[in-house]
Amino acid sequence: MLKMNNISRIYQNDTIQTHALRDFSLNVKAGEFVAVTGPSGSGKSTFLNVAGLLDNFDRGQYELDGVSVQGLKDDELSRLRNEKIGFIFQNYNLIPDYSIFDNVDMPLRYRGFSASERKRRVEEALEKVGLASRLKYLPSQLSGGQQQRVAIARALAGEPKILLADEPTGNLDSLMARQVMEILHDLNKGGATIIMVTHDPDQAREVSRNVQVIDGQLADFRVYAPLDRTKGNAGETIFNAVNEEMADA
Amino acid sequence: MRSDSMFFYNLSLAMQSFKRAPTLYFLIMLTLSIGVGVLCANLALVNSMASDPIPEKSDKLIHISMNTWPGDQPPDEPMHILRYRDAMKIAESDIPKRSAVFYASGVYARDVESTSMKRFDSDVRATTPGFFELTNAPFAYGSAFEKDHGMEVVIGDELNQKIFAGKNSVGKTLELDGELLTIVGVLKSWVLRPLFYHATEGRAFNLTDDIYAPLETAIDLGWSIHARSSSADNYSGVEDTRDKNAYYLQVWVELDDVNQRSLMQSYLDNYSQQLKEAGEHPLATRNELHNVNEWLSVKKVVDQKVLAFTIASVLFLAVCIFNASSLLLSRFHAAKFEVGLRRAIGASNRHMLIQGLTESVLLGIFTGAVALVLSWLFLKLSVQFLPRLANIAVLEPKLLVLGMLLALITSIASALYPLYRANRYTISAELK
């Protein structure tokens, strides 16, 4: 689904050159739920931005759902973002004076769907996150958890191939965070591929794979047993390696 | 289907954007409206001054200036007014297709059947009958008088409105300075901008005349000359000018082509030379023929001050665009988050550019509407200070279209740099 080989991203100003990603390689298969962890400034968000085609990279190869993104024009990159990627941000990034419906509808507008098709998709997406009855609400009339669920609905509405979540529970209390994580797990069970940047080690242990980024490089990855909270086995490591090529395997 | 839906979506986004920052957009609109309005008002003046008043034959209508002054202090240039016998010499030539010899006068007019004694101060054109066909004067009722003599007149629409409420007044009798003359024709509303047939003495922007009377009749009745005149002889009144060196008649001829023009020039030069040889004047032969636009140019009908002010208006508009652009830049900067979000969820640079341009076009339409109102106000204001502009301070339909186009162009121009900057934002920078 997502294949990065030796990706480098360098930020440069007049005096300083910062290597945000160095020879970063990662392969995420369809249906995986990958947690990306690492200290602040390690390059997690840069990785997510590059993965989401929100930022360029300087070297390396990146293939998304079989499409090599190097050399693609802005229109083509935008279409890839629109059709294949759903973003979930820490700050929800809802437009405050748009209704919930209009917020979820936004990406569909750029897809060229008819009004009836957009309506069906928006309602279905909001149904999935349990907010079908709040179509006309403004974001400010919802709790933080509900706003993040709207953001998830917006990401889902276009039926993307992959969901990229940047600390989706970072602004939520534990109860709301739990609800959001459950939705993400449900989506993953339904076949969605998810890459989630998180600082929360518990959340990282809940997912099928945790990769750690340090100094812009993949430092470690762990593969966990399938989550079964009822049996309390969350976080049991069944595979651990530092060799990224093994991760690909 | 898709582009239609995006068009309406972009329109709704533009309206939403206006609602979010109404004060800022009002300032932008006002800034651009003032710039466009001032320029449009100036262009309206220049347009009236510089336009061709009779495009269908402006190159064929020729004004004649001659150099036959008999005195010892000749004018520097050939005179645009001729004495009676020079004018008649031209009128009797069979070279021109048509000719018109006339002078401006004025009378008080009233309907003899009216119970009111109110008289209307009326401008008179005392002219030969060829004037009407030569100038393409439009008749509403009746026709032109056919002879130079006769107690007949043609009246203009404005006077007909004043005295006869716009009805067909052919056959009615007017009392003009105590004389009774019958109306044989009524003109439609007739606007000539500039008034090419009398572009001298600052009259180029006067209205067309109220009354057109046969030349010989006006002279016989002693209707005084209401325009520039020069005379080397003493005379008691206009009726005494036919054989005097009194210069007051303007002459226009209609010549079909350059050959006729050349023939006319030779005719005038021969005539002038004969006068010189007969000792009637000591001057070098110098007769000038100018078609309508040449004549308006020679008479400097386009006011140089208005031209200068128009250039200043263009510069002022450039400053307005710069200011509007700065305001829009701040607006776009404030909207960075939304730009980033839209780009992240699939809007391309092209989408954002079209969205921005739609907003600019909508703003341009509002700006155009306000600019045209301001333009009208500026023209009204200019007439207050410069009353002579009254008849040219008009917004013609083409100026309304031009004003709207200018507003659209300036609105788009002011958005170009902010849009360029917005399209260079790093998408991820505003999203967390």
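Placement of Cβ uses the backbone N, Cα and C atoms for every residue, glycine included.
Note: TrEMBL annotation is automatic and uncurated.
What TrEMBL records for B:26-262 is domain 'MacB-like periplasmic core'. What TrEMBL lists as domain 'ABC3 transporter permease C-terminal' is B:311-425. Summarising the annotation, TrEMBL assigns transmembrane segment to B:21-45, B:306-329, B:360-379, B:399-420.
Confidence across the domain 'MacB-like periplasmic core' (B:26-262), taken as the mean pLDDT and rounded to a whole number, stands at 93. Residues 28, 32-33, 35-37, 39-40, 43-44, 47, 317, 320-322, 324-325, 328-329, 331-332, 352-353, 356-357, 359-361, 363-365, 367-368, 371-372, 375 of the same chain, all 6+ positions outside the transmembrane segment (B:399-420), place their C-beta atoms under 8 angstroms from a C-beta of that stretch. With DSSP states grouped into helix (H, G, I), strand (E, B) and coil, the domain 'ABC3 transporter permease C-terminal' (B:311-425) comes out at 99 helix, 0 strand, 16 coil.
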